[in-house]
Amino acid sequence: MGQKAKAQAPTTHPRPHTLSSQVAPALPRRPRHAAPESLRQARGEVMKAHLITYGCQMNEYDTHLVQSQLVSFGADIVESPDEADFVLVNTCAVRGKPVDKVRSLLGDLRKQKAQRSLVVGMMGCLAQLEEGQQIARKFEVDVLLGPGSLLDIGAALESNERFWGLQFKDELHDHIPPPPSGKLQAHLTIMRGCDHHCTYCIVPTTRGPQVSRHPDDILRELDMQLAAGVREVTLLGQNVNAYGVDQGAKLKGYPSFADLLRMVGASGIERVKFTTSHPMNFTEDVAAAIGETPAICEFVHLPVQSGSDRVLRRMAREYNREKYLTHIAQIKKHIPDVVLATDIIVGFPGETEEDFQDTLSLYDEVGYDSAYMFIYSPRPGTPSYKHFQDLPRELKTERLQRLIARQKDWSARKNAQKVGTVQQVLLRGDAHDAGFLEGHTRGNHPTVVPKAIGADGAGVYQVRIDHATPHMMYGHILGPDGQPLPEQPRFNPEAAAVGGALPML
């Protein structure tokens, strides 16, 4: 990548409120290798940077934002940490497992620092927490940036001391990064932070209160993405349904999320998706906007977390089973062919077998196409960690396996209904087997097809689905006449299997 790119100048808008700040503590000078005086003076040459991302799509967007800053400063982005002068790790703190991965990675990087000149940085949600700051001290991290201080990356690397940036800064919300290069898909952040306080969730602590981006900035960034060839955009926020209502106040000049969807859908973009939704703020108008706007994909991810009212109260989710099912009915009314996904936390403190059966029965009542399913992970700093006693891991794991089996059954049934249909599929590029292409439908179904004459690369195609498993669909690209295009290799679904476990069932 190595090309220089100019960062988009921010547009300023009157802010309805100012985010709180944290003062970074003074830190000792670097014990081994001082930071370069500038990005252009690392070992007398252009700095080489490598970025590693854990966690959600918001983190992927933030990594792209910081990477674009580094490129605009003159840094080269390299493919391997072994080639890099600067390694920056974007972290996740939602569950314990990604935190353990960060510890392991930082341990390896600390060993490398003992052998060569290397600057190590840590950003993202974990960096904002005391837990992450203790990890940073232990593993001699040089640069620490919270989610609200990402634009401090230049100042951090020009510092001759360890640099901690943990403030929530308004200018981050107005900054527009350049679009991704050569990609058909892009993320677009419409807001940051969250005003809900679910008892298990650390996000309000790590990302601060909700701040909606001005619609003009959103549409400007979308225009840049369209000009760069993007054909599918995913709108990102911790709670997109609350867009334009920050800390309980409706913002003047900001549309509702339903109207923002209509605006984005009318921009010329081919496909629009969004995540994440909170049922408390979901409205029927959002379902109506999806149903009436062709560009908005008929895919709705509406996390329920539990089918038990008692557990939902302990989670402080602010809705009950009946209200959630009302939203599902509204969605199915306006989007008859909707593809539904959800999130489930299994084994929340105090969950009984009866509570878990309520979750299983909700599955049968809704009929989810896919789900992200996790056992409860206690996170320091959350109310559930402080006040509730965790369930035995063996019990949580056993319930998770039962839930996975239930979801697998539903996924198999739902995917089987797609066999013989024609789906619009965005193909990103080569699958695990180079003779095949992989991508996803408008309903987010992972799909694999053989390369065809005249269709052997990334693009948006009509695909006839010929075979489906609970995890994957297989098909053939159709030509303008509706007939399958001639294949390049012989179609072998087993050879096209995508490597690695899929996150959704």
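The backbone N, Cα and C atoms fix where each Cβ goes, and this holds for glycine too.
Under the heading region 'Disordered', Swiss-Prot lists 1-39.
The annotation domain 'MTTase N-terminal' is assigned in Swiss-Prot to 47-162. Regional average pLDDT for the domain 'MTTase N-terminal' (47-162) in the model is 92.
Reduced to three states, the DSSP call for Cys56 ([4Fe-4S] cluster 1 binding site) is coil. Counting every protein chain shown, 18 other Cβ atoms lie within 10 Å of the Cβ of Cys56 ([4Fe-4S] cluster 1 binding site). Marked as [4Fe-4S] cluster 1 binding site by Swiss-Prot: Cys56, Cys92, Cys125.
The domain 'Radical SAM core' annotation in Swiss-Prot covers 180-413.
Per Swiss-Prot, the feature [4Fe-4S] cluster 2 binding site maps to Cys194, Cys198, Cys201; the stated evidence is sequence analysis. Sequence-distant contacts (6 or more apart, same chain, Cβ under 8 Å) of Cys198 ([4Fe-4S] cluster 2 binding site) comprise Gln305, Met315, Ala316, Arg317. In this structure, Cys198 ([4Fe-4S] cluster 2 binding site) belongs to neither helix nor strand by DSSP; it is coil.
Positions annotated as domain 'TRAM' by Swiss-Prot, on the basis of sequence analysis: 416-479.
Within 8 Å of the centroid of the Cβ atoms of Cys194, Cys198, Cys201, where the record puts [4Fe-4S] cluster 2, the same chain has further Cβ atoms from His196, His197, Tyr200, Ile202, Val203, Pro204, Gln238.
Cα of Cys125 ([4Fe-4S] cluster 1 binding site) to Cα of Cys194 ([4Fe-4S] cluster 2 binding site): a distance of 13 Å. Neighbour count (other Cβ atoms within 10 Å of the Cβ, all protein chains): 21 for Cys92 ([4Fe-4S] cluster 1 binding site). Cys201 ([4Fe-4S] cluster 2 binding site) counts 22 other C-beta atoms within 10 Å of its own C-beta, drawing on all protein chains shown.
Taking the Cα atom of each, Cys201 ([4Fe-4S] cluster 2 binding site) and Cys92 ([4Fe-4S] cluster 1 binding site) are about 12 angstrom apart. On a Cα basis, Cys56 ([4Fe-4S] cluster 1 binding site) lies 15 Å away from Cys194 ([4Fe-4S] cluster 2 binding site). In the three-state DSSP scheme, Cys92 ([4Fe-4S] cluster 1 binding site) falls into the coil class.
Among the listed binding-site residues, namely Cys125, Cys194, the Cβ with the most fellow Cβ atoms inside 10 Å is that of Cys125.
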